Amino acid sequence: MSSVLSIEREGERVAAQKANPLRHSLLRAEGVSKQYGPVTVLSDVTLDILPGEIHAIIGENGAGKSTFMRLLSGYIEPTAGTLALDGEHVRFAKPEQAQDAGIALVHQEILLAEALTVAENLFLGRELMRNGVVDDRTMRRLATEKLAELGCLVSPNALVRNITLADRQLVQIARALLDDYRIVIFDEPTAVLTGEEVERLLAIILQLKEQGAAVLYISHRLDEVQRLADKVTVLRDGKKIGTYPGRTLGQMDMARLMVGRDLAALYPEKRAKAAGEAMLTVRDLSVPGFAKNVSFQAHKSEILGFAGMIGAGRTELFEGIMGLRPATGTVELEGKPINIRSPRAVLDAGIGYLTEDRKGKGLLLHERLAPNLTLSALTRFHPGIFLRRSREQDALRAAVEQYDIRLKSFGVKAGQLSGGNQQKLLLAKVLLITPSVVVIDEPTRGIDIANKAQIYAFIQSLVTEGKACIVISSEMQELIGICDRILVMREGRLRGEVSGDAMTEHNVALLATSDAAADGNVGGRK
Amino acid sequence: ADKKVVAVSIPAADHGWTAGIVYHAQAAAKEINAAFPNVEVIVKTSPSASAQVSALEDLSAGRKLDALVILPYTSEELTTPVKAVKDAGTFITVVDRGLNDSSIQDLYLAGDNIAVGRNTAKFLIDRLEGKGNLVVLRGIPTVIDDERIKGFQDAIQGTDLKVLDIQYANWNSDEAFKLMQDYLAKYPQIDAVWANDDDMLLGVLEAVKQSGRKDIKLALGGNGMKDIVKKVIDGDAMTPVETPYPPAMIKTAIYMTVANIVGQAPVRGTVKLDAPLITQENAKEYYFPDSPF
Amino acid sequence: MTIMASSTAIRPEREWNIGWTDVGPFVALIVLMLIGFLINPDFLSATNLGNVITRSAFIAIIAVGATFVISSGGLDLSVGSMAAFITGITILFMNRMAPEWGIMAIPAGMMVAIVVGLFCGLMNGLIVTIGRIEPFIATLGTMGIFRALITYMSDGGSIPIDRSLRDAYRPVYFGTFAGIPLPIIISVAVAAVASFILYKMKYGRKCAAVGANEDVARYSGISIIKTRTIAYAIQGTCVAVAAICYVPRLGAATPTTGVLWELQVITAVVIGGTALRGGKGHVWGTVAGAVILELIANLMVLSDFVSEYLVAGVQGVIIIIAMLIQRFSK
Amino acid sequence: MTIMASSTAIRPEREWNIGWTDVGPFVALIVLMLIGFLINPDFLSATNLGNVITRSAFIAIIAVGATFVISSGGLDLSVGSMAAFITGITILFMNRMAPEWGIMAIPAGMMVAIVVGLFCGLMNGLIVTIGRIEPFIATLGTMGIFRALITYMSDGGSIPIDRSLRDAYRPVYFGTFAGIPLPIIISVAVAAVASFILYKMKYGRKCAAVGANEDVARYSGISIIKTRTIAYAIQGTCVAVAAICYVPRLGAATPTTGVLWELQVITAVVIGGTALRGGKGHVWGTVAGAVILELIANLMVLSDFVSEYLVAGVQGVIIIIAMLIQRFSK
Ligand SMILES: Nc1ncnc2c1ncn2[C@@H]1O[C@H](COP(=O)(O)OP(=O)(O)OP(=O)(O)O)[C@@H](O)[C@H]1O
Ligand SMILES: Nc1ncnc2c1ncn2[C@@H]1O[C@H](COP(=O)(O)OP(=O)(O)OP(=O)(O)O)[C@@H](O)[C@H]1O
Ligand SMILES: O[C@@H]1[C@@H](O)[C@H](O)OC[C@H]1O
Ligand SMILES: [Mg+2]
Ligand SMILES: [Mg+2]
C-alpha cells in the first residue's frame with residue numbers, strides 16, 4: 001500500500017510542474033464529467049495533451065477511458081467541464097468538428113460497414129475524386145500502401161465481412177493515419193493484433209510523435225505502455241488518479257495505481273500435473289477452407305493451449321467442432337461421439353465455446369444482462385417451458401459477484417458495459433451451461449491486468465474442478481504462463497506440440513512460422 | 001320534425017364504373033338534400049367487402065336508418081349484415097350486385113349481366129357469320145363477371161366461334177393492354193376481341209392499334225362508358241356497338257327510395273335495366289358527356 | 001473466486017421497465033378516442049365501440065401472429081390470401097360434412113382450419129428458412145399461390161357456407177359472453193397466450209434473439225431455422241383462428257377475401273411498437289395498433305367532413321400524425 | 001508480449017469481384033427465355049420481346065429509384081400511387097396549357113412532372129428522416145394520400161389527355177429510335193445515370209454506407225438524414241420519368257393507375273440482388289429483375305398449361321423457384 005501512495009505523491013509533483021508548462025497544451029480537458037442519467041461514468045477529469053508526446057491512459061475495465069476518449073473526439077459531449085484547443089475554448093457537437101480540428105479516434109470497437117470493401121471503408125466520407133468521379137483506382141492503391149505499412153495484406157477489394165478481426169482492426173487504424181491529424185487517439189488498438197503487426201503499429205506511433213503529433217494511447221498491455229508512453233494518466237472509477245512520467249513506472253506500479261492496492265502474481269502457480277483421462281477426442285477434423293485433418297485430445301484437469309499466427313485457422317477449427325461451420329471428422333466427449341452438425345447438441349453434450357468476437361457473436365448488445373446471461377442455457381436454466389425470472393435475477397446477481405462484473409445498475413443493457421465487463425459477462429454465460437470442456441478464444445483480449453489475473457485464476461479453478469480447458473490465444477506468454485501443453489497450428493494444420501520445459505516462446509514461434517520444424521515435436525512428449 | 005335518414009353504401013371508386021357509381025350517388029345526395037329539407041342522404045364508400053360490412057354497422061349504430069341503398073361489394077358476404085339492418089326496420093334497396101337472399105330487399109334495381117354477355121355474343125355471331133377466332137378478357141373474379149362470361153359462352157355454343165383464350169385483366173385498362181399484346185403475340189389470327197368492361201376495352205384498342213394488325217375486325221366492350229358510346233356514334237369500324245350498364249342506376253335507385261319514404265309512393269319489387277345493344281341509331285340516348293364515366 | 005470486493009452498490013433493475021414504446025400505442029388510442037368523441041358523441045357509445053373493437057379482432061389476431069414473425073426478423077405478406085384460402089377450405093369441408101354430421105361439422109371444420117393454417121405457415125417458414133429466400137419475396141410468392149387456390153376453388157365466384165350451419169355458427173362472431181362480444185374475447189385470449197409465449201416462455205427469448213442478432217443466437221445454440229419456422233407456423237395458426245371467426249361474419253369465401261390485409265397487419269404491428277427489422281415483439285401494442293386502424297376507419301364513416309374520395313388520404317395523414325406524436329412525445 | 005512473426009501470404013484477390021449476386025439475375029433471365037422458347041417459339045419473336053421489355057420499362061425506371069431507397073436502408077410503398085398522382089397533375093397541366101401553348105405544353109408538362117416527383121419524393125424522405133417514422137408506415141401513409149388525391153382530382157373517373165396533344169405525345173411510348181422502342185432507351189439511360197451516381201459518385205458511397213451500418217456512416221461524417229432524403233428524392237424523380245413515359249400509353253390517369261406497382265418494384269429490386277435490409281445497390285440487376293417479372297407474366301399468357309384461375313399461383317411458384325435456383329447454384 002505504501003508504494004502506491006508514494007507513487008501517487010510523485011504524480012502530484014508532476015502535475016505541479018506542469019502547472020507552469022513551457023510547451024503550451026494542444027488540447028486541454030478542464031474538469032470534464034459525463035453522466036448517463038443517474039450514473040456517473042467520468043467525474044471532474046482535467047488533462048493536458050502536449051504535442052510530440054505519447055500520453056497513455058490506463059485504468060481498469062470500466063474506469064471510463066473510452067468514454068473520456070469519445071468525449072475528446074466529439075462523439076459525446078460532456079455533462080460538465082470544457083475543452084480547450086490551443087488555449088481556445090471549443091465545443092465538439094459532432095465527430096467531424098473534432099476531425100476538422102485535427103483529432104482522430106481509433107475506436108475500441110470495430111466500426112466498419114461489413115457490406116462494403118476495405119478500400120471503401122477506409123475512405124468512407126472522404127473519398128478521393130478525379131474529374132468529378134470517385135477515384136477508386138487511386139483509393140485502392142493508397143489503401144494497399146497504407147495497409148502494407150501496417151503489415152496488413154488484405155486486398156482493398158475484399159468485403160470487410162470476409163476479413164479477419166485483426167485485419168479489420170488494421171483497416172480501422174489505417175483510417176486514422178490517412179490524414180495528418182494533430183492528435184491521434186488509439187483506444188485498445190492492439191487487442192486483436194499479434195506479433196509484427198503490433199511492432200509495426202508501435203513504430204508508426206513513434207513516427208507520429210516525431211512528426212510532432214500528440215498521441216493518446218489506451219492499452220491493457222502494460223508492456224506496450226511502458227515502451228511507448230512519455231506520460232501515463234491513470235483513471236479509476238471515472239476519476240483521475242494522477243499523471244506520471246512514463247519511464248518512472250514499472251508495470252506492477254501501473255497495475256497498483258489502476259487497482260488501488262497490491263496485486264498478486266499475474267499467473268497462478270502451476271499445479272503438479274495430475275494428467276487425467278481423455279476428455280475430448282477430436283479425430284481428422286476438417287473445416288473446408290480453414291483446417292485440415294486436425295486430431296488431438298484434451299484431458300481432464302488439463303489446460304490445453306492453441307497457438308498460431310493470426311489466420312492459422314484456430315477459430316474456425318473450433319467453430320467447426322461447435323457445429324457453427326460445416327466440418328467433417330469425429331468428436332468424442334468421454335468416449336461418446338457428438339453430433340457436430342448441431343450447435344445445440346454440442347453445447348448440451350458439454351462443450352462450451354467463448355467466441356473471440358464478443359460484440360458481434362457473443363452478446364445481444366441491446367438486450368439486458370439477464371437474458372444475455374441465460375441465452376445459451378435456456379433449457380438447463382429454465383426447466384420446462386417457462387422462464388424463471390427470479391432465478392434468472394439470482395443467477396445474474398451471483399454472476400456479477402463471482403466474476404466481479406462492474407456495473408452501475410442491473411437494468412443496463414449489455415452494450416453499455418465496458419469491454420472488459422462484457423467479456424466477464426460472456427464468460428459467465430458460457431459457464432452457465434456447466435460444460436465439461438471449456439474453449440476460450442482469446443480470453444483476455446482487451447482485459448486489464450487485474451482482470452486478467454482473475455480470469456487466469458478462474459481458468460485454473462475450472463480445471464481443478466475436473467473440467468478440461470482449451471485456450472486459444474495470440475499472446476504467447478499467456479499460453480506459456482497458464483497451459484499444461486500447447487498445440488501449434490499453421491495454415492490450418494497442427495504442426496506440433498510443446499509441453500513442460502519445452503514451452504518456450506522460441507519453440508512455439510518456430511512451429512508457428514517455419515517449415516523446418518513442421519510436423520515434428522519440439523522437445524515435447526507425445 | 002325528425003329528419004328521415006337514407007344511407008347509401010357503395011364500393012369505393014376502384015375502377016371506372018364504380019367511380020361512376022360514386023359520382024352519381026353523390027350527385028343524387030346533393031340534389032335530394034337540397035330539395036327535401038326533411039331528408040338526409042348519407043353516402044359512404046368502402047374499399048372492400050369487409051370494410052362495407054363495417055360501414056353498415058357504423059351507419060346503423062349511431063342512428064336509426066329509415067332506408068338503406070346498397071350496392072354490395074360481393075353478394076355472399078353482405079347478405080347477413082344487410083339482413084341485420086333490415087331487421088331493425090330499415091327499408092332496403094339493393095343495386096346491381098344482388099344479395100343471396102332476395103327476401104331481404106324491398107327494392108332491387110340492377111342491370112342484366114347475362115344479357116350483357118348474350119347480346120354482345122349475338123352481335124358477334126351475326127357479324128362474323130357464325131365463325132371465327134375470339135379472345136376474351138374478363139374482370140375481377142365476382143358473380144357479375146361470371147354472369148357476363150356465362151351469358152356470352154352460352155350464346156356462342158353450337159356456333160363455329162371459337163374462344164381461343166380467356167384470362168383475367170381485373171377491369172383494369174393497363175392489365176388489359178398487356179394481356180392484349182400477349183394475345184396478339186400468341187395468336188396469328190384473331191377475328192374479334194371481347195372485353196367485358198369498357199375500361200379494359202381502352203387498353204385492348206391501344207394494343208391493337210400499336211400492333212398494326214389487320215386481322216382483328218371487332219373489339220367490343222360493355223358498360224356504356226361515354227368514350228366508347230362516342231365511338232359508336234362516330235361509326236367506329238372496330239367498335240360499332242356497345243351494351244349499357246349505366247352507373248347512373250344508383251341515382252335512380254336513390255330517387256325511388258326517397259320517393260317511397262317522403263312521397264308516400266310505395267315502390268317495391270325488382271327493376272331490371274335492359275342491356276340492349278347500343279348501335280349508331282340509338283347511341284345518342286346513352287351519351288352523357290358530362291358524366292365522369 | 002473473486003479477489004476483489006465489489007464496491008459501490010448496484011442499482012436494482014426495476015421489475016417493470018415501461019418505456020414509451022410500450023405506452024405509446026395506448027396513448028395514441030386514447031387521443032383518437034377523444035378526437036372521435038369531439039367529432040361525433042355517438043362515437044363513444046357502447047355499441048359503436050363494441051362494433052369497432054369486435055371487427056378489429058381479425059386483424060388483431062393475425063397481427064399477433066405477425067408479431068412473432070416480425071420479431072424473429074421475418075415478414076409475411078401472404079396472410080390475407082392465406083386467410084381467404086383457409087376460409088375456403090373450411091367452408092368446403094363443413095358443407096361437405098354437414099349432411100352427415102350436422103352441426104358437428106362446425107367444430108370439425110374448425111380443427112381442419114387450424115391444421116391447414118399450421119401447414120400453410122409451416123410452408124412459408126420452410127421456404128424462408130431452409131430455402132433461404134428473402135421473406136418478402138417468398139411470401140409474395142405464396143400470397144399469389146393462396147390467392148390462386150381460392151380463386152380456383154371458388155371458380156372465380158364464391159363459396160358460401162351451408163344454410164343449415166349458418167345459425168349454429170353465427171354466435172362465434174355475433175355472440176357475447178358476459179356481455180362481451182366473442183371475437184373480442186377470442187382475440188384477447190390469443191394475445192394473452194401470445195404474450196405468455198413471448199415473455200414467459202423460452203421460445204419468446206429465442207425469437208427475440210434470432211431477430212436481434214442471428215450470430216449471437218447461433219453461437220448460443222439457438223436454431224435459427226427452427227425458431228423462425230415456428231414463428232411462421234404460429235402466424236399460420238393465428239390466421240386460421242381469425243378465419244374461423246371470420247366465416248360467420250361474411251358467410252362466404254371469395255377471391256377478394258382478405259385482399260390487402262397484409263398491409264393492415266404489418267401496419268398494426270409497427271404502430272404497436274415492434275421494429276420491422278426484428279428484435280423485441282410487443283403483443284399488446286400490436287392489438288392496440290389493430291384497434292387504432294379500425295378506429296380511424298370508423299371515424300371516417302362517422303364524420304361527415306371528408307369527401308368520399310379523400311378517405312384514404314385522411315387515413316394516411318392520421319397514421320403519420322399518430323406516429324409523429326409517438327416519436328416526439330418521447 | 002507477442003513475438004510471432006507474421007508471414008501471411010498475400011491472398012490474391014481478383015481486381016473485380018463479380019459475385020453471384022451480380023450475375024444471378026441475368027442467368028435467371030436467360031433461363032427464363034429458354035424456357036419461354038421451349039413453351040412457345042413465338043416467345044422469342046422480336047415483337048414479343050420488344051413488347052415485354054418496353055412494358056417492363058415503367059417498373060424498371062421506378063425500381064431503379066427504389067434501388068437507391070432500399071440500398072440506403074429505406075423502403076417506399078407509395079411509388080404506385082405517386083405515379084398515378086404525377087400522371088394526373090401532368091395531364092391536367094398539359095390540357096390546361098394546350099390551347100395557349102399548343103404542342104409546347106408537352107415538354108412544359110414534363111418539367112412539371114419532374115418537379116412534382118422531386119417534391120413528392122422529398123416529402124417522403126423528410127417524413128422518414130426528420131420525422132423518424134419507420135419507412136414502411138410513412139410511405140403507406142403517403143400512398144393513401146397520393147391515391148386519394150388522384151381519385152379526387154379525377155372525380156373517381158379518369159383524366160384523359162387532350163386530343164390535340166395525343167398524336168404529338170404518342171411517340172414517347174410507341175416511338176422507336178434506331179429500331180429500339182423509346183421506353184427501352186429511356187430506361188437504359190436512367191439506369192446508366194443511376195449506376196454512375198451509385199458507383200462513381202460520392203453520394204453512392206454514402207448511400208451504401210448508410211444502408212449497411214448507420215453508426216459507421218454517422219461516425220464517418222455522413223449525414224444519414226441528407227443521404228436518405230436524397231434517395232427518396234431520386235425515387236420521386238424516377239417515378240416522374242416513368243409517369244412521363246406512361247401518359248401516352250393509355251392517354252389517361254385513373255384512380256387505379258399504378259395500383260400494386262410498389263410490390264412489383266420491390267420484387268424487382270430484390271430479385272436484382274439488392275438486399276432489403278440495405279447496403280450495396282445493384283442497378284442493372286434491378287433492371288433485369290423488372291424484365292424477369294414481366295417475362296413471367298408474359299409466359300403465363302403465351303403458354304396454354306395454366307388455368308386462368310391459377311395464373312397468380314404459378315407466378316408465385318416461378319418466383320420462388322427462381323430465387324431458390326439463385327441461392328443454391330452459388
Ligand atoms: N450509454 C451508457 N449508459 C450507461 N452507462 C454507460 C454507457 N456507456 C458507458 N457506460 C458505463 O460507463 C463506464 C465506463 O465505460 P468505458 O467504456 O469508458 O470504460 P473503459 O475504461 O473504456 O473500459 P474497458 O477497458 O473495459 O474498455 C462503464 O461502467 C460502462 O458500463
Ligand atoms: N469469411 C472469410 N472468407 C475468406 N477467408 C477468411 C474468412 N474468415 C477468415 N478467413 C481466413 O481464414 C484463415 C483462418 O482465420 P482464423 O480467424 O481462423 O485464424 P485464427 O487462427 O483463429 O486466428 P486469430 O488469432 O485471428 O483468431 C485466415 O487466412 C483468414 O484470413
Ligand atoms: O363493378 C362492376 C363493373 O366493373 C362492371 O363492369 O359492371 C358491373 C359492376 O358491378
Ligand atoms: Mg474501453
Ligand atoms: Mg481466432
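Our numbering is plain: 1 for the first residue shown, then up by one each step along the chain.
Placement of Cβ uses the backbone N, Cα and C atoms for every residue, glycine included.
Copied from TrEMBL, the annotated features are:
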| type | residues | note |
| --- | --- | --- |
| TRANSMEM | D:20-40 | transmembrane segment |
| TRANSMEM | D:52-70 | transmembrane segment |
| TRANSMEM | D:77-95 | transmembrane segment |
| TRANSMEM | D:101-123 | transmembrane segment |
| TRANSMEM | D:135-153 | transmembrane segment |
| TRANSMEM | D:173-199 | transmembrane segment |
| TRANSMEM | D:230-252 | transmembrane segment |
| TRANSMEM | D:258-276 | transmembrane segment |
| TRANSMEM | D:283-303 | transmembrane segment |
| TRANSMEM | D:309-325 | transmembrane segment |
Same chain, outside the transmembrane segment (D:258-276) by at least 6, Cβ under 8 Å from its Cβ: which residues?
21-22, 24-25, 28, 58-60, 62-63, 66-67, 70-71, 75-84, 87, 143, 282, 284-290, 292-293, 319, 322-323
Chain residues outside the transmembrane segment (D:135-153) and at least six past its termini with a C-beta under 8 angstroms from it:
69, 74-78, 80-82, 84-85, 87-89, 92, 120, 123-124, 127-128, 159, 253-255, 257, 262
Is the transmembrane segment (D:52-70) packed against any residues at least 6 beyond its ends, judged by a Cβ distance under 8 Å, and which are they?
76, 79, 83, 121, 135, 173, 181, 183-184, 186-187, 190-191, 194, 197-198, 207, 211, 228, 231-232, 234-239, 241-242, 245-246, 261, 264-266, 268-269, 272, 274-276, 278, 281-283, 286-287, 289-291, 293-295, 298
Run the contact check on the transmembrane segment (D:230-252) against the transmembrane segment (D:77-95): 3 or more C-beta pairs under 8 Å, excluding pairs closer than 6 in sequence.
yes
Suppose I define contact as three or more CB-CB distances under 8 A, residues 6 or more apart in sequence; do the transmembrane segment (D:77-95) and the transmembrane segment (D:101-123) meet it?
yes
Grab the same-chain neighbours of the transmembrane segment (D:20-40) for me: Cβ-Cβ under 8 Å, and only residues 6 or more beyond its ends, written as numbers and ranges.
271-273, 282, 285, 288-289, 291-292, 295-296, 298-299, 302-303, 305, 322, 325-326, 329-330
Do any residues, 6 or more residues outside the transmembrane segment (D:173-199), come within under 8 Å Cβ-to-Cβ of it, and if so which ones?
50, 53-54, 56-58, 60-61, 64-65, 67-68, 71, 207-208, 234, 238, 241, 245-249, 281, 283-284, 286-287
